[in-house]
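**Student:** Features from TrEMBL:
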BINDING   GLY104, GLU105, SER106, GLY107, ALA108, GLY109, LYS110, THR111  ATP binding site
DOMAIN    11-684  domain 'Myosin motor'
DOMAIN    751-932  domain 'TH1'
REGION    561-583  region 'Actin-binding'
Amino acid sequence: MEGALTARDRVGIQDFVLLDETTETAFLSNLKKRFSKDLIYTYIGTLLVSVNPYKELDIYSKKQMDIYMGVNFFELPPHIYALADNAYHTMLTEFNNHFILISGESGAGKTEASKKILQYYAVSCPSTTLLNTVRDKMLKSNPVLEAFGNAKTLKNDNSSRFGKYMDIQFDSQGDAVGGHILNYLLEKSRVVHQNHGERNFHIFYQLVEGGEDDLLHQLGLERDSLHYNYLTQGECAIVFSINDKNDWKTVKNALQVIDVDEINTDHLFGIVASVLHLGNIQFDSDSKGQALLNNNAELRWVSNLLGVDAHILQEGLTFRKIEANKDQVLSPFTIDHAIYARDALAKAIYGLTFTWLVNRINGSMENKDSSRKTVIGLLDIYGFEVFYVNSFEQFCINYCNEKLQQLFIQLTLKAEQEEYEAENIEWEPVQFFNNKIICDLVEEKHRGIISILDEECLRPGDATDLTFLERLEEKMGNHPHFVTHKLADKMTRKTLERGDFRLLHYAGEVTYCVVGFLDKNNDLLYRNIKDVSLQFCTLLCETENMRWRGGLVATQFKSSLLKLTEILMAKEAWYIRCLKSNESKQPGQFDEALIRHQVKYLGLMEHLRVRRAGFAYRRKYEVFLKRYKPLCPATWPHWRGVPADGVEELVQHLGYLPNEYKMGRTKIFIRHPRTLYATEDAYEKCKHELGECKSAMKIFQLQAKYKGYKARKERERRAWAVKVIKRFIKGYMTRGQAKTTDNSEYLAFVRQNYLNRLKENLPKTVLDKTTWQAPPAVLAETSEILRKLHYRLMVRKYVRGITPQKKTQLQLKLVTSSIFKGKKDTYPQSVAQPFVDTRISISVSNLTDGMIVFHITCEDPKEKGDLVMQCDHLFEFLTKLSVIANKQSAIKVVQGSIKIEIQAGKESAVDFSTGQEPMVYKAKNGHLMVVS
């Protein structure tokens, strides 16, 4: 808050609590002003409001993380790192559990916020190899869960279609040592059907578009999403803003990090492929209207990939097994029933796979140490959803948001009331919308919508979606938050279809179409299809305690939410409220109407009013006094008494009126921001004046201190110099004696000096026997050892530098030495000269003649040139010659003509041709002509 005070005149107010007016207009104006300057974070006390900018901002670097580590919450501008860091340090200080609730509409940035917090903890927590492994798994679980649990919707390219709560476990030192994920209500219906403009779960497209050719071949898949019925329902299989190929690589890498081995990875992708094959199974009708399978190829792929019996699978997709007097009877399906069975199996398989995947991630992050740990929970759960057509999934999602809003209000009010009670400040009632009436409408036992839905699913007879709607109308007829076409007035009836009901949520009205409610809530499999599912379970989870759980989905979800709220109520709460800046996901656009709607349904104004509760600012006496004590002579520079008395003295001096503040047990409460701003302005002015006075005094003080410092340093330097010189002279005088304290430093100097001179004047070649520094007596033995070592090193370098060509020359020199040394007078002069390679080459023609040309290099014009000779045994002669000389490459077979050098610089040629008889003669062109 102090940071907000200092920066309040720059771009809006950093903390909404310090707004002069707590109106919606002032709230939106402040939000817009900050958003226009890319300031996407603003506080309401310790709650963080985040507006999605739909562009990359340079505020998430390692440098930014370092800035926020260990800093008081209100010292720096609002940031998600500040909230993450303060939750972490409060947990360490108080050794209690916390959770961060991230909420907002689909596309508002909840998943990204969750990632940013995980990344911050990955960098800021203490680091060891074990902990790095745990953090890697936490981070890498995200792309895997997003691939299998997220999808493109009309509002968001990466919408979470399941709820996720992650506990990050820390030991007493603050090290991240484990994690655990709970998942809620995966939207399984998306596997078999997507609305127009939406896609199935990402993993299907990643596999088809990014999978390696060999893998696709093994799975029987084609690299074309349009080939698969389950991927084309929404008619947008290819989305330019999503790179499925790159995402595929990320997911494969992440699976390795979270310890999914190659065998299980193959199983996993086999299951994904089996769902695609299932969706391509088509049915025909026989003359009796019974379903027949017409694509055995797809059936075989499903059977092979799932490891289930093909006959049982085919039977399960075309017949229903009925119990009759302890006998089992197969009743044929119609095409509609067969399609339902196929889709139900696909959803069941995918749901079980997702649960298995979450269990594997939990197993890889499990903390093996049983000692007590503290946790920070991250709740990233689906935002409130309103589509053109809203079904059972939206009903459950919006009910979840109602429960979380109820929890939010309860915890916020509770925390504020507890603080006021602890400080003996009278609580002032705050007006807010209590959504308990809506939660009861949905979840109340025997009377709520979920109970009525369950009854309709379980009752005998022909229950349908429309009979469910009729039961709702009977039970909810006069409820102020429920209306249907039948119950509505004339004007409202025009906006409702006969199969719809409308709920007035805390976030606004939502109309739900009841079509599919009973089927989706039942989540039932026909008996023999359930057998297939159980066979598949055994294949996937040989060591896992998993089974298919059919039954009433809404009730299961309600129970899960109840357990979740119990988990959250036992922890300290932190909140992040994410807002969409516009529907078109364009940077720089601030849709005021859209944001006003979100501010309303997220309860931000209620939270602000609760947080203010009549007082804009509250601070501990010690903190307030430390900041503002220069404003009162009685408290400056030190207050010696009780801090509360010092604060009272200070505010009396500043002229605070009785209705402008309250004194609590440990804190001062200031009612209006303007009072605080006036105090802050006075502080800034005083600080400036104090700074000027202090600056003048400090200049004189610094000058005197600097002079004294220089004098002391000079005295110390001279004393040191005298001591060194005396010790050096004494050491020189006793240098020839046994080693003593007096001469040891001098001898060390002598050694060092000699070694430095030697280093600069070492011999450069092995033939240099004279360049070696004469040593002092004390280093004679050492010098000789070093000399030998140096010469050995030079010899070693010389030997290592000998190339194969040079080695050959030296070997030839050795042969020459054995032949000529001491026998021929010119030999000694030849030793130092490089051995000349005469480079003789030999040419022959390609015809039947026996002519041989020896090409001999000539430098003197008087020397005779190339040698031309005739040999009847050419092959034997040249072969032996090349073996002896080891120069097979010197012989060349030439076609037509061989150039020869008669003398140095004078060339001719030998020409070759064929004729009736062999002859050799000089031709008119001067060449030697050889006819064969």
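Positions of Cβ are set from backbone N, Cα and C atoms, glycine also.
Heads up, TrEMBL stuff is auto-annotated, nobody curated it.
Keep in mind that what you see is a predicted model, and the values were worked out from it rather than measured.
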**Student:** Can you name every residue in this chain, apart from GLY104, GLU105, SER106, GLY107, ALA108, GLY109, LYS110, THR111, with its Cβ inside 8 Å of the center of the Cβ atoms of the recorded ATP site?
**Tutor:** ASN52, ASN156, GLY383, CYS578, LYS580
**Student:** If you count the C-beta atoms lying within 10 Å of each candidate's C-beta, which of the binding-site residues GLY104, GLY107, GLY109 ends up with the smallest number?
**Tutor:** GLY107
**Student:** Pull the DSSP breakdown for the region 'Actin-binding' (561-583) and write it out as helix, strand, coil residue counts.
**Tutor:** 9 helix, 9 strand, 5 coil
**Student:** If you count Cβ atoms within 10 Å of the Cβ of SER106 (ATP binding site), leaving out that atom itself, what do you get?
**Tutor:** 22
**Student:** Can you give the mean pLDDT for the domain 'Myosin motor' (11-684), rounded to a whole number?
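**Tutor:** A mean pLDDT of 87 is what the model gives the domain 'Myosin motor' (11-684).
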**Student:** So if I measure Cβ to Cβ from ALA108 (ATP binding site) and keep only same-chain residues at least 6 apart in sequence, which ones fall under 8 Å?
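**Tutor:** Non-local contacts for ALA108 (ATP binding site): SER50, ASN52, GLY383, CYS578, LEU579, LYS580, GLN598.
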**Student:** Among all the protein chains here, how many other CB atoms are within 10 A of the CB of LYS110 (ATP binding site)?
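**Tutor:** Looking across every protein chain shown, the total is 27.
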**Student:** Would you say which of the binding-site residues GLU105, THR111 has the most Cβ atoms within 10 Å of its own Cβ?
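**Tutor:** That would be GLU105, with the most Cβ atoms nearby.
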